[in-house]
Structures are given as structure tokens and as C-alpha cells.
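Asker: Straight from TrEMBL, here's the annotation block:
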- 7-26: transmembrane segment (TRANSMEM)
- 38-59: transmembrane segment (TRANSMEM)
- 136-154: transmembrane segment (TRANSMEM)
- 174-193: transmembrane segment (TRANSMEM)
- 205-225: transmembrane segment (TRANSMEM)
- 245-265: transmembrane segment (TRANSMEM)
- 272-289: transmembrane segment (TRANSMEM)
Amino acid sequence: MFANLKYVSLGILVFQTTSLVLTMRYSRTLKEEGPRYLSSTAVVVAELLKIMACILLVYKDSKCSLRALNRVLHDEILNKPMETLKLAIPSGIYTLQNNLLYVALSNLDAATYQVTYQLKILTTALFSVSMLSKKLGVYQWLSLVILMTGVAFVQWPSDSQLDSKELSAGSQFVGLMAVLTACFSSGFAGVYFEKILKETKQSVWIRNIQLGFFGSIFGLMGVYIYDGELVSKNGFFQGYNRLTWIVVVLQALGGLVIAAVIKYADNILKGFATSLSIILSTLISYFWLQDFVPTSLKE
Ligand code: C5P
């Protein structure tokens, strides 16, 4: 049963990562009438959806009794403020990371972003070794090196890219910096969350509600700081369309799947599962979105 959950959760993760990256990229580049949706508000909406889904899961675990649900939430969240507070750290980092992700996908094509972001496998391994005292074998380190080489090859500018360098260098640089910062935050936050999940008793869904609670607060601060004026002018949900809702639902689903993967497998396996989605998003990006060329060439 445990082994099954491990592989099922890893499989869903491959599907979720691929569809999120492609829809997010598509939604950020789509030219439409009126204002584009604000990514800062999308981050908050995804957190709220995640909390609602986790409350439903705790409700199901409490044998669908509202009273039992209420007691669990009370006992495990409100009455344990110090335990709850522990989640403020990964939550703050994830909020920053979720915003960086939009910056990256507004400036890089989906495949380049995906491949570069796989550097997080290396940062995750380093944090796992230092914070969880995990031991990695020769083959595991070797696969990390092979992955890094792959990343370097994809980043190598092609002739057509060299021609367009002046046009796209600025935004490519911004995009790359955003991804690289996200690699470190991803490694640290993931391993910290794994440490909390595996070293304390509370259920993964309770931990996710705590994470989402802080995530929503930090996310709202982000909305106020970056888009406060726009929100007061055009509203919180400006520019939302069906595609935006698909993006936020996929992002919320990602939170659930990732939590399950971290519990039943670990962060290093999670990294390898998501790197499988590189192949998928590269193929789809090329054949379907015709996007695996520098965006500046088209714009
Ligand atoms: O790229 P990485 O795997 O680090 O992304 C993790 C993503 O999963 C982040 O968007 C984070 O907000 C989300 N997450 C979550 N709930 C968890 C763990 C991660 O929503 N328990």
C-alpha cells in the first residue's frame, strides 16, 4: 500500500508539473483584451483552494463528522501555536518562490525554464545531506552531474539565439535569475517541510493547512505591496478567465500532490519525477505551443 502510494503520487506529480508549466506559460503570453490577471493574486487564490481541499480531506479522515473535524482543527492548529508557527518559514519561502515562478515564465519559454529549474535537484540533494543526514551513493551523485550537463547544453545559445541576443538578453537574464533563486528556495523549503513531516506526528493535510494559512497571509502582503494600486483600481480578480482558473487549480493540486510525495517518497525522488516532465513539456512546447524558440523572435 505504502509503495503504491509512493508511485501513484510520483506519477500524478509528473502529469501535474507538465500541465502547470504549459498552462502557466500559455496564460502569461496569451494576448487578450483588457488587463492580464495578476500573478500575485493567483498565488493567493491557489493557497486558499489548497486549504479548502485539505479541510475536506481532514473531514473525510474524521469519518465525515463536522464535530470531529472541528476538534482536530482546534487541537492541532489553534491549540498548538508553536507547532503551527514552524510552518511560517517554508511558507514564506514558497510564497516568494511562487511569485518568482511567474517572473521566470513571463521571461523564458516553458522548456528552458523547466530544464534550468531542474538544478533544484542538486540544491535539494545538498540540503537533504546537510539537514536530514541522508547518504547519497555514487550513482545518485553521478546522475546529478549528468543532469547538470544536460542543463548546460540546453542553455548553450544557438546561432539563431545569438542573432536575437540584444533583444532578449535583458528579460532572459531576469528570467534566469528568478529560476536560480527559486532553485535554492525550493531545495531548502522542501527539505525543511520533509523534516517537519517526518519528525512530528501531525498529518500531512494538517501541515498543509498550516502552510497554506501562512502562505495566504504572505501572499496577500505580496498583492498589497506589488499590485495594491492595480487591485484597488480594477479589482482582485481582474483579467481572470477560464485559463487562469485552470492555472490556480493546477497549482493548488500541485501543493497536495507534492505534500503526498514528500511524505510517501522524498524530495530527491520528487526532483527526478519532475525532471521527467521536462521531456513531456519540451515535446508539447515544440509541437503544440511552437514555443521552444526565443520569445523575442516572435514579439
Ligand atoms: O518547485 P518545487 O517543487 O519546490 O515547488 C513546490 C511547490 O509546491 C511550491 O509552489 C509550493 O508552494 C508547493 N507546496 C505546497 N504544499 C506543500 C509543499 C509544497 O503547496 N506541502
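In case you wondered, yes, glycine gets a Cβ from its N, Cα and C as well.
Describe each of these features in terms of where it is and what it packs against.
Answerer: Same-chain neighbours of the transmembrane segment (7-26): 101-102, 105, 109-110, 113-114, 243, 246-247, 250-251, 253-254, 257-258, 260-261, 264-265, 269-270, 273-274, 276-277, 280-281, 284-285, 288-289, 291, counting only residues six or more beyond its ends whose CB sits under 8 Å from a CB of the stretch.
Within the same chain, residues 38, 40-41, 43-44, 47-48, 50-51, 54-55, 57-58, 61, 72-73, 76-77, 83-84, 86-88, 90-92, 94-96, 98-99, 193, 196-197, 231, 236, 255-256, 259 sit at least 6 positions outside the transmembrane segment (205-225) and bring their C-beta atoms closer than 8 Å to a C-beta of that stretch.
Note on the transmembrane segment (245-265): residues 2, 5-6, 9-10, 12-13, 16-17, 19-20, 23-24, 27, 42-43, 45-47, 49-50, 53-54, 57, 98, 190, 193-194, 197-198, 204-205, 207-208, 211-212, 273 of its chain, located 6 or more positions outside it, place their CB under 8 angstroms from a CB of the stretch.
Packing against the transmembrane segment (272-289) from elsewhere in the chain are residues 10-11, 13-15, 17-18, 21-22, 25-26, 109-111, 114-115, 118, 121, 143, 147, 261: each is 6 or more residues past its ends and has a CB under 8 Å from a CB in it.
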Asker: Which residues of the same chain, at least 6 past either end of the transmembrane segment (174-193), have a Cβ under 8 Å from a Cβ in it?
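Answerer: Answer is 89-90, 93-94, 96-97, 100-101, 103-108, 112-113, 116-117, 119-120, 122-128, 131-132, 207, 211, 258-259, 262, 267, 270.
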